[in-house]
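What TrEMBL says about this one:
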type	residues	note
TRANSMEM	20-43	transmembrane segment
TRANSMEM	246-266	transmembrane segment
TRANSMEM	278-300	transmembrane segment
TRANSMEM	307-325	transmembrane segment
TRANSMEM	331-355	transmembrane segment
TRANSMEM	367-389	transmembrane segment
TRANSMEM	395-415	transmembrane segment
Amino acid sequence: MRDYDEVTAFLGEWGPFQRLIFFLLSASIIPNGFNGMSVVFLAGIPEHRCRVPDAANLSSAWRNHSVPLRLRDGREVPHSCRRYRLATIANFSALGLEPGRDVDLGQLEQESCLDGWEFSQDVYLSTVVTEVWQEECSLRNHGCTDWLQLPADFLHQLGDVHCVICHRGHGPDLQLCGGFHTRFIPESPRWLISQRRFREAEDIIQKAAKMNNIAVPAVIFDSVEELNTLKQQKAFIMDLFRTQNIAIMTIMSLLLWMLTSVGYFALSLDAPNLHGDAYLNCFLSALIEVPAYVIAWLLLRTLPRRYIIAAVLFWGGGVLLFIQLVPADYYFLSIGLVMLGKFGITSAFSMLYVFTAELYPTLVRNMAVGVTSMASRVGSIIAPYFVYLGAYNRMLPYIVMGSLTVLIGIITLLFPESLGTTLPETLEQMQKVKWFRSGKKTRDSMEIEENPKVLITAF
């Protein structure tokens, strides 16, 4: 009995058709880069201080000293959330008293920013915080704007969740948000076969053979019984939890995707908060992804998946944990370590798509990737809250992210290895997680072990 790979072997592995599909799929994802991290700038928080109304009867000296100073990164800067009580300093101003000479500023009562804020335009001319949230915050009489970026980050990432839901979820024919359809990309013949749409699958394979300048066999699918993938089954989301082994693998996959996403998006969103120019730091944060993807591609070609994913996660998490040992004034070293940490997490993130697709059978493969991708969006939603742990301690975000990244690196080692095995076609052919390896092997799993084949395919 032939399987799908045997039936379509005549097409070859890397002909013009496969290269075209690869190029189109790669090109279709490029627009995501233009808005994926736009919230970093759209919802950026400029330097700010409490506004003192023009109508306040203050001398120039008291107006310049109306906001207390605080220590940040080794230097004194105006407090962004507090000011001296306006009625008190207006009274001192009227009496002709001078701040610092006649009045001890450290003893003055303080109040929140009741009249809003003055925002610096040195970095951002305007953002969501300066244009939209300030009025809302003033109405609510909150004392600081730092919390205002969280709703913007949350809503932006929630939009990405909608994009995941919008995907039709069956092969590379995607329905993107906003109603745009990439109709130039054909359906996956393997998926069509699993749905018993044989004629459509055969038409696509014939077109592929024609593009590859290969003669098409007289009969491609000669009978339903001839293929292992053609069992009359329908997939439901609960199939991802059908047995204890599958349920544990799915839960582990959800954790792996979600926590990796937390690290990736938290480090990306935190780039403007690093020392120095925010735009340069964001550029470096984006630039480090290029070698990360190249290295991931090279590693995936020859090395065991679970070991290399665990290795780059250990690398990323370990580097982030090491940042706390760097002296506070070694800014460039800290930034370099952050970039190296993102390098490891980005590499792992890019490998998860391949690894997850290889672990699950055709019947639920796209469903599994969709569900785990949804989990990654949950991670991106909560990522900003990890960033804002820095308001309590500068090192806290890196300690938490580093620890979680090392933890999921350990979890990755519990997955079965997928390199060198054929793509499973049924749930029974799925491999077992590490602690379930003992037990009776099914006939299908024994056939896979006896006849291993590299599973890379364009379909």
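Note: Cβ is positioned from N, Cα and C throughout, glycine not excepted.
Between the transmembrane segment (367-389) and the transmembrane segment (307-325) there are fewer than 3 Cβ pairs closer than 8 Å, counting only pairs 6 or more residues apart in sequence, which means the two stretches are not in contact. For the transmembrane segment (395-415), same-chain residues at least 6 beyond its ends with a Cβ under 8 Å from one of its own Cβ atoms are 249, 252, 255-256, 259-260, 262-263, 266-267, 270, 305-307, 309-311, 313-314, 316-321, 323-324, 338, 341, 344-345, 355, 359, 386-387, 389, 433-435. Note on the transmembrane segment (307-325): residues 260, 263, 296, 299-300, 334, 337-338, 340-345, 347-348, 351-352, 355, 395, 398-399, 401-410, 412-413, 417 of its chain, located 6 or more positions outside it, place their CB under 8 angstroms from a CB of the stretch. Below 8 angstroms of C-beta separation, residues 157, 239-240, 313, 316-317, 320, 341-342, 345-346, 348-349, 352, 356, 359, 368, 371-373, 375-380, 382-384, 386-387, 397, 401, 404-405, 407-408, 411-412, 414-416, 427, 430, 433, 436 of the same chain, each at least six residues beyond the ends of the transmembrane segment (246-266), sit close to that stretch. Non-local neighbours of the transmembrane segment (331-355) in the same chain are 256-257, 260-261, 263-264, 267-268, 270, 274-276, 281, 284-285, 288-289, 291-293, 295-296, 299-300, 305-306, 308-309, 312-317, 319-320, 322-323, 369, 372, 376, 398, 401-402, 405, 415, 418; each lies 6+ residues outside the stretch with a CB under 8 Å from one of its CB atoms.
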